[in-house]
Amino acid sequence: MGAEHRPVWAEIDAQALIHNYRLFAALAAPARICAVVKADAYGHGAVDVARILHEVGCRDFAVAFVDEGVELRQAGIDGEILVLSEPAVSDFGVAGDADISLTLYSLEAIGIALATRFGKEGKRLSFQLKLDTGMYRAGASLSDIDRISELLEGVDLDGIWSHFAVADLDDPESVAFTKLQIERFRDAVEALSLKGITARQLHIANTAGLLDFPKVRFSKVRVGLGLYGYDPNPKSRSIGLRPVLSLISKVTFIRQVEQGVRPSYGRLRPIDSDGFLGLVPIGYADGVPRALFRGGGKVAINGVLYPFAGMVSMDQSVIDLGPGPRVQIGDRVVLLGSDNPVSIWADEWALRTGTISWEILCGISKRVPRRVV
């Protein structure tokens, strides 16, 4: 069964995406929204997402790597595209030719970028300076501000930015640390300014930062998870976000079984009573977590929730349909999405499998076709 015939697909709700974008744009104003579309737009399809947002006025996009930015340019996306991680020097020319802005933080890379010219006009590479204010992952150390200032003397940067470590957490210690990061960022920007180094834009807030620390919008806000309909800290509020991605399949086979049979690998749990099992041609290779069975995961068919009957396999899942023949071959199966009156979303999967919504969404594999609806 080829991918084009296999009844598995992801639906991308364009109106939900636009709704979320406009909600954040209103919250951030007058700052701009930078749509984070790295990792194939968190599994939603970067080109489709960028095109939808571009049509409603978004002109700032962020990706993880240069090739992701090139993909957007080749799809006709204009405006600023910022690469969030420092690329290899060998990618500098590619980025320059595609008018992609780089993030730099190592002294060596900054020096090379300043010396690099491209195109007939000999233009300098566009880049932004990332400061490490407490993530301790990537970014220029604040202790290197003096050395950075010497290197950047007389340079008008395209941007200076940093990244929150725990803005999505609301316990007192995390809130205090986020405030410390904000203070460190302000102090570093001021220190650079006093040495004559300015930037066209400043940004530190992500989705959680905008929602919980709205006074630190600066020039723009990088919104990732929120665009796709999820609040990084859903316990604290409900702001009307609409999940964008639904994961759909169909029942392809039904068999009648006796009480006590143990379906799928490991034979982990017996069926409670005589009844029916349904086969759905989707598995962990498509992004359905193998641990969803142990976590009590369910699917929706005709508005009714049915549990997984055994471990999720690589390409298939077995569903416990219970004693009644209420489900037919060909019926639509909603793994993620709404099936009135019930719904299942990525944050539920995350809770059931001990992970986060980001990982669930990014885990929907490339072999699942995306359909914009």
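Cβ from N, Cα, C; glycine included.
Going by TrEMBL, these are the annotated features:
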MOD_RES   Lys38  N6-(pyridoxal phosphate)lysine
ACT_SITE  Lys38  active site, proton acceptor
BINDING   Arg137, Met314  substrate binding site
DOMAIN    244-373  domain 'Alanine racemase C-terminal'
ACT_SITE  Tyr265  active site, proton acceptor
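What TrEMBL annotates, mapped onto the structure for a quick look.
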residue : record                         : DSSP class
Lys38   : N6-(pyridoxal phosphate)lysine : helix
Arg137  : substrate binding site         : coil
Tyr265  : active site, proton acceptor   : helix
Met314  : substrate binding site         : coil
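For the pair Arg137 (substrate binding site) and the residue listed as 'N6-(pyridoxal phosphate)lysine', the Cα-Cα distance reads 18 Å. In the domain 'Alanine racemase C-terminal' (244-373), the DSSP tally of helix, strand and coil residues is 23 helix, 46 strand, 61 coil. With respect to their backbone Cα atoms, Met314 (substrate binding site) and Lys38 (N6-(pyridoxal phosphate)lysine) stand 26 Å from each other.
Shown are the recorded positions Lys38, Arg137, Tyr265, Met314; the one with the most C-beta atoms within 10 angstroms of its own C-beta is Lys38.
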